[in-house]
Amino acid sequence: MSKKPSDLAQRQRALQADSSFLVQAPAGSGKTELVTDRILALLAIVEQPEQVLAITFTRKAAGEMRNRVLEKLRAGLEPQPVEEHKVNSWQLARQVLARNEQKDWHLLEYPSRLRIMTFDSLSSGLVRTMPWSSQTGGSLEISDSLYRQYRQAALLTLSQIDRSVELQAVLSHLNVDLAHLEGALVEMLQIRDQWQDVLSDPQASIIAMVQSMELLMTRAIQRVKDALPLGFETEYIPLLAAWAQHWPPLASLKAVDSQALTVSADDVERWQALAESLLTTENSIRKQLTIKHGVAPKAPFKASLVDYLKHTDFSPELIEALVTVKSLPTHLLNNDQLVIYQQLAKVLSIALEQLHQVYIADGAVDFTEVALSALNGLGSADEPADLLLALDARIQHLLVDEFQDTSQLQIDLLALLTSGWQPQDGRTVFLVGDPMQSIYRFRKAEVGLFIKVASEKRLNHVPLEVLNLRENFRSVEGIVDWNNKIYQESFPAEYNEEFGAVPYEHSVSFHGPGALEAVTHYPFYYATKEIKGIDSRAEAIEAAEQKVVELVSAALARHAKAEKPIAILVKNRKALGRLNERLLQANIPVRAVDMFPLSEQPYVMDLMQIIRALTYRYDRVAWLSLFRSPLCGLSLNSLHCLFGSKEELNVVKQIRHALADASMPARLGAEQFARFKHVSEVMLNQNAEQKGLSFAIRVNMIWQQLGGHLLYAKPSERADIEAVFTLLDQLAPYGSPDLEVLEQHMAELYAESVVAGAAVEIMTIHKAKGLQFEEVILYGLHAQSRGSQERLLRLEPYEYEVEGQSKPGLLIATVPSRQHGAAEDVMSKLLKSREDYRESLEQARLLYVATTRPCQALHLFYLMPLNEKNGELEVKSPSKNQFYHHIKQALPFNIEEIKETLKDYLAAQAAEQNETAGALIGTAKLSQQTASSEPIEVADFVRFSEQTISQLAQHYAPHRQLGEQLAHAASTQSGTWQFISDQEAILGTVAHAWLQMMALDRVQRWDEQRLQQGASLMRYQLLSAGYSEAGIDQALVRLQQLLLKTLSHEELKAIFANPQVQCEWPLYDVNGKLLVMDLVVPHDNYWQVIDYKSSQRRPDESLEAFKARMCREYRPQLQSYCNYLQAIDGKTAKASLFLIEEGVLLEVIG
């Protein structure tokens, strides 16, 4: 009989379809399996599959969950599996299939009936359903990247500086730092869901703040009182009263022996004085008292006081509570704080109004706006809108995956969706997550919400049974045991909703010991200052990189057949250093996941210089950078010769002047002048611009004329360049791009790793969540953490009590004044320290996520600094803001062992008279390579040869821009740019462009005459795209015929005229790949997708055979479109091809 998990009873209980549960499922516990089994259990009892709603956080997760359910259903069609752990899922699938047959659902044919979606998709669907009640336009585009809109709203706000005294006051408060205020407004608009309701009634928020602050101070004081040692009042207080007579900081405690401390916010200053008496400036208990503390050497109370401080056991809880009391403000709210708060509230309300105006003008909103609109449109529990009532009738069972990552907005949405539920009405809630893996506070996730629901054992008023899973199916015993030991100490001892503190829950490994060493430490020591025989920091890093190369090589060989053999995880991209380059130098295949910004790749930087020079013709830096780049390859001497004089001319005039200067070839040299002439002529050609081609096509033409596609021909480089062209097409379909917006979007894109087969994967820990690898290298554990960022307004929800009833309150701190000599803002400092504490707790959880990714082996890499003091070496202990501080108890050494190891090492080095330093990991040293100090000549750079430049120039013709290659998004199946050479595809590209214009105009004023008027532009576009001049006349005739067939197709014309139709709709799939759909029409119950095809029949091919071939070839592409649209809101999606040549609208997926 096979082994059973220790928590089998809990897992079986979770599948009871008549009960509601909150399941805590730690890393590796098989959460996805449990959730999908739960979905099957519910589908087996409902009347319609749409009555089961499963929600998660990413499109990728929703897609994987849907696919897993479908896989289990398909497996249910097969005989019972031999593997015992698959039998339960098979049995559930059989029940669902029986229900499917009984109710005529056709689930496998129509998988969109499975309601599995993200929170964003749910909100988007709701808003589209109720554009009026949600106060948005139902046709607004939804985007998760609207930086330009935030910035525009901020600039519009600042433009009112002359009319707003509040804005003037805030700017003065920030010491007239306009740029800082602009950035702060942008940030506040991005998190507006946290403050816009608060600021809607500033007076009420001030009252709530005062009451919340009073409760906070009282609770902090109570924690001190509760943690005081026994006998404190009788032993210490009399001594304290005597001491207070002599030391001003304790003056408020002179009568403490007769006037007892009270647990009240009014008494906070005396409690702070008490904290001052007990704690040093380093927040440790005082052990010594001197004259500077007001204690004379022969003071009668000194001996007793010092004896008490030295020999009393003060708990860590008391010390922590005293530190908190020290940080409290002495007053609830002073007048200066009140005034600046009111001024900030006014400025932010202006910014919010401006943002809404920008949204309306641009026709686009972000997901925060969608979520707020969804909540607004649903109404309230007391006054539900019609849609909420409809949803209440439709949703019978609600599941939420990764519940620990919910935000307050999402909790509010769940509360509304369940507001009409009654006890014993058969409806259930199933929440599953792991608070130990809550690591997305930067996305507004608050683990305190999970803690609250778990402690109250209810969501809204739906009671929940709490289940805890323990079995770990991923990692070998050694890794699980190590995690249990480490995090039991480094995680908090108990839950704390206020700070999001989560204690560690032990796991049990389903597997036994592994064949490899489960956890291995690799400390690399270095000298903070030069110490003979000990590595510098740079040398230690190099040794660490070399060791990683060795480990990765061995792991790839060891796990050659594994899907994910090994990963290198880092806290942030900066921690990786040069490790990627070292791996590539060692010919190790690397698959980097969102690690290297696209804008930092050399080939993209070259492309951006072209874009800048075209956008701002007189951008001197862009032009000179292009001439210096590998696309041209001019030397510094040549640049000086060309541009070092006549500086009164703009750069374009300087270029034209140099081209006309007969002496320039001799001065530069023939080879250098040929480079300059070729690039200049390509860049200065204006024909393309005059003929109205899109900016993206113009840039692509220039890129190929300059040979960029030849110089950067690796698959990964081509993919990255295509991504830039696609982005240009999105941002600048009709003119030049806004460079600031372009750069902002570029900052969100990363270089693509095109690697076939096994490779080491490199990613941040956040990206690794939910994944597993045979081995994991956790690199750069010494990395520093940043504190929380300063904001214009720092808000923290904080409930207060009125007559025993909890009320939603808040703590508020305004941005500290930047004016010279301004007093310290205690409230701002307090809230920042509370935020930093929450961040520290999350960092420990982030480390837990990292160390639970490996199946077989975990390798921990970090640097350890060494100091020399009085001839002795000492190791520098981890600081609290270093990542490995959270596992400091696991570091495999103590200071004496390190000293001993170093003494042996240095002695051996001295004996061998070897001055080469090496990193200390108990092995031989890595030989050091000295960097050349010779100047780098231009010939050392990668660039075209003189012969290649000559060939490029010969093939360049002003009226034949691309030769045989052009990239355009509309010509590819995926919607991304692709280099093509086929004449038919070129004609299809141009046809797509004209069809897009017709659709955008809703075919109004389009007829045969207008097409005839556009003939010259069509001819030019075909030639520019590389169409053969010999066949251009026939191509032009055919192009116009294709467009006329479209105009004569009544059904397609009606679709074009639909105001809801989306043309060339760009969307990202679950893998982040861009899909561009030609036409998308949203209907009440389904989506309709139409893709244009200009393909022709083959010789002797019948129309039916042609249609069948088109279906076969393009079904996968259309299915991917349908899958994406179904994931948005669960509606069915249909897809058709419009075969332009035949004038046929062919349904492929119905």
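Any Cβ shown, glycine's included, is placed from N, Cα and C.
Feature list (source: TrEMBL):
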type: DOMAIN; residues: 4-476; note: domain 'UvrD-like helicase ATP-binding'
type: BINDING; residues: Ala25, Pro26, Ala27, Gly28, Ser29, Gly30, Lys31, Thr32; note: ATP binding site
type: DOMAIN; residues: 488-770; note: domain 'UvrD-like helicase C-terminal'
Cβ-based isolation winner (fewest other Cβ atoms within 10 Å) among the binding-site residues Pro26, Gly28, Gly30: Gly30
Which of Ala25, Ala27 has the fewest nearby Cβ atoms, counting only those within 10 Å, among these binding-site residues? Ala27
In this structure, the one of the binding-site residues Ser29, Thr32 whose CB has the fewest other CB atoms within 10 Å is Thr32
Taking the Cβ of Lys31 (ATP binding site) as the centre, count every other Cβ atom within 10 Å, in any protein chain shown. 21
Setting Ala25, Pro26, Ala27, Gly28, Ser29, Gly30, Lys31, Thr32 aside, what same-chain residues sit with their Cβ within 8 Å of the center of the Cβ atoms that define the ATP site, listed in sequence order? Leu34, Asp434, Leu469, Asn472, Phe473, Arg474
